[in-house]
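Annotation source TrEMBL lists transmembrane segment at 14-37, 49-68, 74-102. Annotated domain 'Mechanosensitive ion channel MscS' per TrEMBL: 93-166, in sequence order.
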């Protein structure tokens with residue numbers, strides 16, 4: 001004959017489990033609000049993910065311990081199960097390790113423009129298993145502009161592929177170049193001066209501020225680099241023309257706009273100075 005159903009014991013366990021869930025939820029909210037008081041938007045995203053992982057793990061262990069009354073057994077069982085899961089879920093676990101690496105080493109964070117493997121774009125979300133990127137460029141367009149597609153990249157890729165952060169050198173700005181081909185009859189000094197003048201008019205003040213910041217960050221590293229304050233022009237000789245390369249800094253998200261504006265202004269100035277600047281024509285030398 002069956003014994004009495006242990007209603008009281010189950011009820012007490014259910015109430016205890018509810019109290020654990022309620023207590024952990026309240027503690028999670030309190031800790032979250034405290035840490036987010038002065039956090040930036042990027043930092044807040046990371047804090048939420050870390051707290052979700054920590055409180056979720058604690059909650060699972062606590063609930064299993066309450067329901068089984070054997071805390072040590074639960075921990076040992078979780079160890080055995082975890083060992084088995086390691087073989088069955090290798091890729092998700094590698095992605096979780098990739099997330100831990102991202103949180104610890106900060107190769108990139110939300111809002112930054114990166115290239116992970118063959119995917120380039122702005123990071124909009126970093127979850128436990130995947131990084132979500134708003135694609136820039138790609139197979140649909142050839143310019144450095146958003147394609148409109150959202151790409152998810154497994155975090156495990158970070159552990160095995162090259163990651164490029166376009167603002168990861170301590171400054172949000174990166175070096176850019178535009179090239180113009182002129183004839184051998186061109187006055188190179190005048191042409192270079194025109195290019196530098198137009199670059200200073202477009203990004204001169206912005207470049208000076210970014211170079212100052214870049215130098216401060218560079219001083220904290222053992223790397224020694226010569227960094228110029230102003231735009232520069234490099235001259236390259238080709239078979240039938242001379243190539244002038246204007247070097248300057250720009251924000252990754254403004255690179256195409258700045259490049260278009262510089263081309264328009266410089267070409268207009270060149271056309272106004274046709275006596276000293278001219279464009280190459282086909283010739284045999």
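Numbers here mean position along the shown chain, with the first residue as 1.
Cβ coordinates come from backbone N, Cα and C, glycine included.
Curation plays no part in TrEMBL annotations; they are all automatic predictions.
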For the transmembrane segment (14-37), the distant same-chain contacts (Cβ-Cβ under 8 Å, at least six residues beyond its ends) come to 44, 47-48, 51, 55, 58-59, 62-63, 66-67
Across the domain 'Mechanosensitive ion channel MscS' (93-166), DSSP yields 17 helix, 31 strand, 26 coil
In this predicted model, the domain 'Mechanosensitive ion channel MscS' (93-166) has a mean pLDDT of 88
